[in-house]
Amino acid sequence: MLLSKKSASFALSAFAMLFTSVALAKEAPQAHKAVELSILHINDHHSYLEPHETRINLNGQQTKVDIGGFSAVNAKLNKLRKKYKNPLVLHAGDAITGTLYFTLFGGSADAAVMNAGNFHYFTLGNHEFDAGNEGLLKLLEPLKIPVLSANVIPDKNSILYNKWKPYDIFTVDGEKIAIIGLDTVNKTVNSSSPGKDVKFYDEIATAQIMANALKQQGINKIILLSHAGSEKNIEIAQKVNDIDVIVTGDSHYLYGNDELRSLKLPVIYEYPLEFKNPNGDPVFVMEGWAYSAVVGDLGVKFSPEGIASITRKIPHVLMSSHKLQVKNAEGKWTELTGDERKKALDTLKSMKSISLDDHDAKTDMLISKYKSEKDRLAQEIVGVITGSAMPGGSANRIPNKAGSNPEGSIATRFIAETMYNELKTVDLTIQNAGGVRADILPGNVTFNDAYTFLPFGNTLYTYKMEGSLVKQVLEDAMQFALVDGSTGAFPYGAGIRYEANETPNAEGKRLVSVEVLNKQTQQWEPIDDNKRYLVGTNAYVAGGKDGYKTFGKLFNDPKYEGVDTYLPDAESFIKFMKKHPHFEAYTSSNVKFNASTDALPKK
């Protein structure tokens, strides 16, 4: 429940009074001393317990490698724990949602590997609430790690009451250090499923209230473990006094260095960023990418006055040497061998930020147990589709073309509907046909089928945009599908239907009409060029890929409030089938396309 500004202000005031008068008794001033801390951190592992593939530029060649995996995470944490003084091991939220390990085990697999990693603290992320309060409880009950979140407060009658604390205080070399937890508010309330008995409070106001109260306790060294996202936490760093270090999550940003840039990894910011708070004191902010790919390693020295300085800063990218693939002369991916392989490994071994072949035996055993069960359960039926086949795949991307289904890719409309169901507040969704790789046939649907239909691991993305821009998105996609690029760009949707001509008019436009479904009246209405709609799509086209140029222009413009929900499209498919266990197949794609008699466009 997100409170109105007036209600939130009153509630925060009451919360502040309660916190300062009861939770913390003011202490007399005391002498402080310098202390060093080793902050080791991850965030947003999203049930990625096994390694996954990425591409790097290695010695001038694009190279496929495997990165991440929780065995590597825990092995690296154990090594660094033994190596450095005063380790503090943190997880900045979003442990769950992203793979079948969550879909099938509801957080117990994630809790098991996190327990094996001996984290000191975990903060809640928005995805912790994806399965409601009951779903979060399935993660928290087996979790042996203290959970912190100051701005997420369950009512006393909630099943989540007393399951976490707003902050904790620990002692290092006789010096008290405080750590505060925060969650992202709008994303959790609007894109996840917290119960109405859970209240959410503004991130910045909560951070300042907590910092003030801890300062009154005589503590001058404060860490913020925050899933509020990089942008919000950067704002906190510059607006809130008395916080020294912010370990962030949610944005999935790789904070890196020149080593990682040389590999063409997607470094967003330097590790760590440094800002000044209103008092002029330094505040350090860092994030560790996502999907168990990075262990952040920050050495911090606090002066007696509580001023932080950095003694070490290494974002460790966890990588396997077992896969080093490049394209051969025929364009096929093949393993490097001989001198080329040795040269590649020598380059990686020379980099402080690359950690090769870390494995933890205990974690390997845990994952192996869950993997065997996952492979078995993945064949279980989640629902049944009745009626006709819903055509998809490359042969049916464009309606009414020679060789294709007259309706085009009904399967793509179906996927758009599963997104529409998941993103409960959107007005419409748009999906590219190339993202759906197969026909969806009548019969039983298993967990594995979802990942067969949607193999790219896309996440759901939203924009707030005018109707005129929605129409331009459709125009862009059709142009790319029919003329400029690939048929896979052809657009389908849910909550939206349109008619278009293959041959553009004198103004270069193909659209004849566009209608949006009014959720209140359940009536179709002409799209309003000036109205702002909340539009859902997948993160791939949201960034401008596949010819979706207008989406691409909105991507970095805050006016359009772009949000990557990090909800997996395959997970949305599974949830839809669970909600509709006997689903009658669609027979329409919601697209009327007046095709010409020209030859098929190029694939």
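The backbone N, Cα and C atoms fix where each Cβ goes, glycine too.
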- Task: May I ask you to find which of ASP66, ASP94 Swiss-Prot records for the Zn(2+) 1 site already listed with ASP44, HIS46?
- Result: ASP94
- Item | Same-site Zn(2+) 2 binder from ASN118, ASN126, ASN257, given that Swiss-Prot records ASP94, HIS227 | ASN126
- Among PHE456, PHE573, PHE576, find me the residue Swiss-Prot lists at the same substrate site as ARG397, ARG437, TYR540, VAL541, ALA542, GLY543, GLY544, LYS545, ASP546. PHE456
- Task: Find the one among the recorded positions ASN126, HIS127, ARG397, PHE456, GLY543 whose C-alpha lies closest to that of HIS46 (Zn(2+) 1 binding site).
- Result: HIS127
- Query: At the level of the C-alpha atoms, what whole-angstrom distance separates ASP44 (Zn(2+) 1 binding site) and HIS227 (Zn(2+) 2 binding site)?
  - Reply: 9
- Query: Tell me which residues of the chain lie with their Cβ under 8 angstroms from that of VAL541 (substrate binding site), as long as they are six or more apart in sequence?
  - Reply: ILE430, ASN432, GLY435, ALA477, ALA489, TYR548, PHE551
- If H, G and I count as helix, E and B as strand, and all else as coil, what does DSSP give for HIS227 (Zn(2+) 2 binding site)? strand
- Item | Distant-in-sequence Cβ neighbours of ASP94 (Zn(2+) 1 binding site), under 8 Å, six or more positions away | ASN43, ASP44, HIS45, HIS46, GLY125, ASN126, HIS127, GLU128, HIS227, GLY249, ASP250, ALA290, TYR566
- Separation of alpha carbons, ASP130 (site 'Transition state stabilizer') and GLY543 (substrate binding site) (Å): 24
- Message: With Cβ-Cβ distance below 8 Å and at least 6 positions apart along the chain, what are the contacts of LYS545 (substrate binding site)? List them in sequence order.
- Response: GLY552
- What's the CA to CA span in angstrom from ASP130 (site 'Transition state stabilizer') over to PHE456 (substrate binding site)? 21
- Message: Using a 10 Å radius around its CB, how many other CB atoms surround HIS227 (Zn(2+) 2 binding site)?
- Response: 33
